[in-house]
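Let me begin by presenting the structure, written as structure tokens, before commenting on it.
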Amino acid sequence: MPVYIIRRLGAGLVLALLVTFITFLLLSTSFEDVARTILGPSATPEVTEALIAERGWDRPVFVQYVDWLVNAAQGNFGVSVYTSLPVGPTVLQRLAVTLSVIIPALILTVILSTILGVWSASRGGAVDRLAQGISLVGYIVPGLLLAIGLVVIFAVQLKWLPATGYTPPGEDPAAWARSITIPVIVLVIGGVANMAAQVRGRMIDELRRDYVRTLRTRGTSTTSIVLRHALRNAASPALTVMSLEFIGMFGGALIIENVFALPGYGSFAFNASLQGDIPVIMGITAFGVLLVTGVNLLTDLANGWLNPKARVH
Amino acid sequence: MLKRSRLKRSRDGRGRAVGALAALALILSTAACSPAAESGGEGEAATLTLAIQAAPPSLDPAQLDEGAGTFVWSSLFDTLLKVDNDGTIQPNAAEAWEYSEDLLTLTLTLRDGLSLSTGDTITAEMAAANLERTRVTPGPQQPKLANVESITAPDDKTVALKLTQPDPSLVNYLAQATGVVADAATFDDPAAALRPVGSGPYTLSDTTADGTSYVLERRDDYWNAEEYPFETVTVKVIQDSTAIFNALQTGEVTAAAVQAPQREQAEGAGLTVTEVKSAGTMLLLLADREGTIVPALADERVRKAINLAFDRELYVSSLLGGVAQPTEQSFNINGAAYDAALEGTYDYDPEAARELLAEAGYADGFTLKMPSTVVSTTFEPAVTQSLADIGITVEWDPVPPQNIASSLTSAEYGAVVWFEGTNLAGREMANYFSPSGFLNPFHWQTPEFDQLLSDIANERDLDAQADLYKKATAYTVENALNAPIASIGALWATADGIELATDINVPKTVRMFAPPSD
């Protein structure tokens, strides 16, 4: 097992190197634009060149990348060229905001999807059709529209919840809960729509299997069949869907963060890409790759724990 | 049996759902009182919560940017001079300024009682050190001191700038980001880019979240504290305009710029909407006036034809939501360079435009390649149509957002759809038409216009200078140097207790806002 983990982490590291290098290569064409943006409209070409030289952006791309890598390995991701914010600490801070929305959303998504999926699979009939209808509606209503609609109702009209902004949970837990309520609801609706259908499908497959019939003939209670046996077997693929959902929520969070003005990872990444803020894009890419690798590894390990067939030796 | 177990489970589920609902109710009940508590009652200290769409790039005094982030830095730093709410330049940290007879020395006299937020006194030497640092540090402000040869502090109160040539824009620069005064002792401290030691009416509170929310607290020891009625100013960075609008409606934000289509809804929600006239100019920059890459543009008749092609009234009413007015001049309609008598030179007349093109030898038209950017997208179909009507085919070349400025400066396009913020006449004139101007990428110049610019720079009398500006404007209109379309206004929505203190475009400082005057 430790060998497996080390191998996976090694693969993740190679992937991170590749992705960050390619990103750097793609960004390397815009150093002059970045310099011009920093200097503003009235900069002369001489001043622009002086700044490029001062920042070392005229060196060969590979040298600059290695320089970035050596610094990044020591935890120094540089400073944003547009906002003067230190990249490493800011990415972590922004990531914390996004995670504080995504994790509650994911937990609720898993709970609700499991309930809905298991319920519709084991009960069938009208309940199943209703659950599928709910899924379908959740799936086709765009998150952005839902977010705007909920803000208009709960923040603007009823004034129950704030329309924008974020309070860290450490500062004021109640204010934090209020600030993430609508974003979490939006993410959960999208998430449940997707995941409940997956859980349902897997559960139906499992409940048709021979071992379920065998268990029934042995007089095992339905609750036990559904929850102890079938659900455990269905959980493994559901876990994979969950990890995809988690990563997908980062993408969804970008829209949510914009609508609710949450200072999260998505909006930070979006702004940096729009401006061509090279140190920030590099930092975000590096953290992003490590995050995805980490989540995938944890998913595989949890899968192995749940499902002996998926265990690696 | 199956049914019974299901029933049991659903009861358990209901129990949990009730718990969750109770928690939600708790959250909601605490929420309901918070916005009301923030809005403040009579007699309480006045606060202002502003929303801007982009954070200040840096608070390093040599790296300041004059965008929306100006609200933040102009609160933290005093400028030597200031632009008043009526658009004129007034004394500020410097109580007086004077040019020498040859206009090559500018002498500023600092007022008494200037202090840094640390309590230290500001000397002329410190003010000079700030200017000198800006002059030698690559940054947005550096080019503005290009005509400055040396900066000295002959005594404790006097700063003298020696120029290589007269510069009519210099006092304007010193009234904005170029003229800030910061603690010279923190010049080399990297932390100053986020937490500067300034000289202005406010300091950054510890509750500031960099890049997201800037909380400014008024300094009671500031020399002019009474001119700043808001004890606390919070500047929130909210990128999305819909989110800003929602925040305005809920009272989370008490002042912000809104879009033209939001006007009616904002007024319906009890907000006051004030129009600031001439915040910017929308124009088709006919950059390649010498015909370097688009030979047709070198012909004055072609440029005039392009000017005749636009139904400016229609652009204002249908594309700009009425928050604009048609103009044929590149300059601020509230500024010294604007001449109302010149309007009507190019009334919409596609027939005459086609004739002019035919006369110039382009009876079959020509193709014009222009950059397509996030700012031009909305207007592209209309511009394409207007120009197609007179026989010019537009090819749009997609340009990513971070390359908007370089799409102009690279001199790759003969013409560019552009939006330029308005400024004082000297600055606009230099920006649009001086050979090194940002909006003049092909470095167009003519001896006649050079003479006009030089006359302006060498004129000490402001009235005489205004006449010269108008003469220069007439030259730009008669020669159709650009094809201006509209002077665009900005809409500011303010909540109860906040008023806009100006109706023209002035630098973005908290002085733009005031509590109701009654």
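Using N, Cα and C of the backbone, Cβ positions are placed for all residues, glycine too.
Heads up, TrEMBL stuff is auto-annotated, nobody curated it.
What TrEMBL records for this protein:
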| type | residues | note |
| --- | --- | --- |
| DOMAIN | A:95-299 | domain 'ABC transmembrane type-1' |
| TRANSMEM | A:95-121 | transmembrane segment |
| TRANSMEM | A:133-156 | transmembrane segment |
| TRANSMEM | A:176-199 | transmembrane segment |
| TRANSMEM | A:238-260 | transmembrane segment |
| TRANSMEM | A:280-299 | transmembrane segment |
For the transmembrane segment (A:95-121), name the stretch out of A:133-156, A:176-199, A:238-260, A:280-299 with the most CB-CB pairs under 8 Å.
A:176-199
Apart from its near flanks, which chain residues at least 6 from the ends of the transmembrane segment (A:280-299) lie with a Cβ under 8 angstroms of it?
5, 8-9, 11-12, 15-16, 19-20, 23-24, 27, 68, 72, 77-78, 80-81, 83, 85, 87-88, 90-92, 95, 239-240, 242-243, 246-247, 250, 265, 268-269, 272-273
Same-chain residues near the transmembrane segment (A:133-156), Cβ under 8 Å, at least 6 residues beyond its ends:
116, 162-163, 181-183, 185-187, 189-190, 192-194, 196-197, 252, 255-256, 259-260
Using Cβ atoms and a strict cutoff of less than 8 Å, what residues sit near the transmembrane segment (A:238-260) while being 6 or more residues removed from its termini?
97-98, 101-102, 105-106, 109-110, 113-114, 117, 143-144, 147-148, 151, 163-166, 179, 182-183, 186-187, 190-191, 194-195, 198-199, 202, 266-267, 269-270, 288, 291-292, 295-296, 298-299, 302-303, 306
